[in-house]
Amino acid sequence: NHTTVVEFILLGLASSRHLEITLFLFLGIAYFFILLGNISVITITLTNNLLQTPMYYFLRNFALLEITFTSTFLPSTLYSLLTERKTISLPGCFLQMLFFHCLGACTLFHMAVMSLDCCVAICHPLHYTAIMNNRLCLQLILSCWALSFLSMFPPTIMIVQLPFCGPNVMNHFYCDFSLLLELSCTDTGFIEELMFITLIIILPGTLIVTAVSYGCIIVTILHIPSSAGRRKAFSTCSAHLIVVTVFYSTCLYRYIRPEQRGGQDSDKVLSLFFSVLTQTLNPYIYSLRNRQVKRALKERV
């Protein structure tokens with residue numbers, strides 16, 4: 001009842017019309033390839049009998065997650081770049097913030113689960129089917145979704161209940177919780193601490209699982225007697241590691257630092273890296289470079 005602001009103004013990614021058109025083309029192409037790559041992964045892994053294994057089950061769910069995650073902000077960003085409409089309603093902003101951060105957290109959990117699955121497949125190939133059974137796979141996927149919403153939902157609801165009396169301008173291209181906290185006209189210290197603790201648990205926690213899994217994978221690969229086999233395994237592993245490194249480094253610097261409150265142009269660049277660039281590369285690196293997936297794709301073509 002104390003809220004007087006009825007909408008927020010998102011300054012977006014560019015200040016000039018020429019740059020907005022350029023960014024619209026760039027992001028439009030990126031969104032097209034995100035949809036194309038992930039829909040291809042979902043379709044192929046659903047229809048091909050040879051791809052009904054735990055690894056492709058996780059990849060299929062990861063592809064669905066990437067589509068929903070990028071769809072929380074990219075369509076509205078593209079619309080604002082094309083029409084120069086910079087405003088977003090309070091309910092729209094709060095919903096975008098909720099789904100962006102919940103699905104973003106879910107992406108981190110999924111990446112940790114996928115690295116763990118890959119570790120079991122490479123390090124314990126004889127026991128892989130017994131360990132990664134259908135029940136465990138389903139439990140892991142449901143846990144990713146449940147943990148992400150349970151961790152991000154409470155602080156988000158607390159932010160929704162804050163009063164906003166003005167100003168209402170955010171130097172960003174989506175509704176970010178740190179900027180909303182800055183715009184609130186009441187003390188937000190407790191929510192900032194709660195959100196910071198939540199991010200401290202999620203980001204480094206999933207990073208540790210991912211790093212340990214890839215560490216075990218690299219040790220196992222080093223024991224492969226064939227040099228050609230080692231090179232082939234490292235080529236696949238290195239591509240995964242590049243995506244993971246870019247995603248985590250930008251996320252960590254954006255959200256876990258002494259001064260979280262942003263609004264700088266550098267924050268928008270960092271956000272573009274982990275929310276658009278890595279999402280564009282993921283389906284092609286995680287799935288479409290795989291021999292079995294490429295073979296299944298050729299059969300369909």
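For all residues, glycine too, the Cβ spot is worked out from N, Cα and C.
As recorded in TrEMBL:
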- 37-286: domain 'G-protein coupled receptors family 1 profile' (DOMAIN)
- 21-46: transmembrane segment (TRANSMEM)
- 58-78: transmembrane segment (TRANSMEM)
- 98-124: transmembrane segment (TRANSMEM)
- 136-160: transmembrane segment (TRANSMEM)
- 196-222: transmembrane segment (TRANSMEM)
- 234-256: transmembrane segment (TRANSMEM)
- 268-288: transmembrane segment (TRANSMEM)
Of 58-78, 136-160, 268-288, whichever stretch has the most CB pairs under 8 A to the transmembrane segment (234-256):
268-288
Taking all residues of the domain 'G-protein coupled receptors family 1 profile' (37-286) together, what is their mean pLDDT?
86
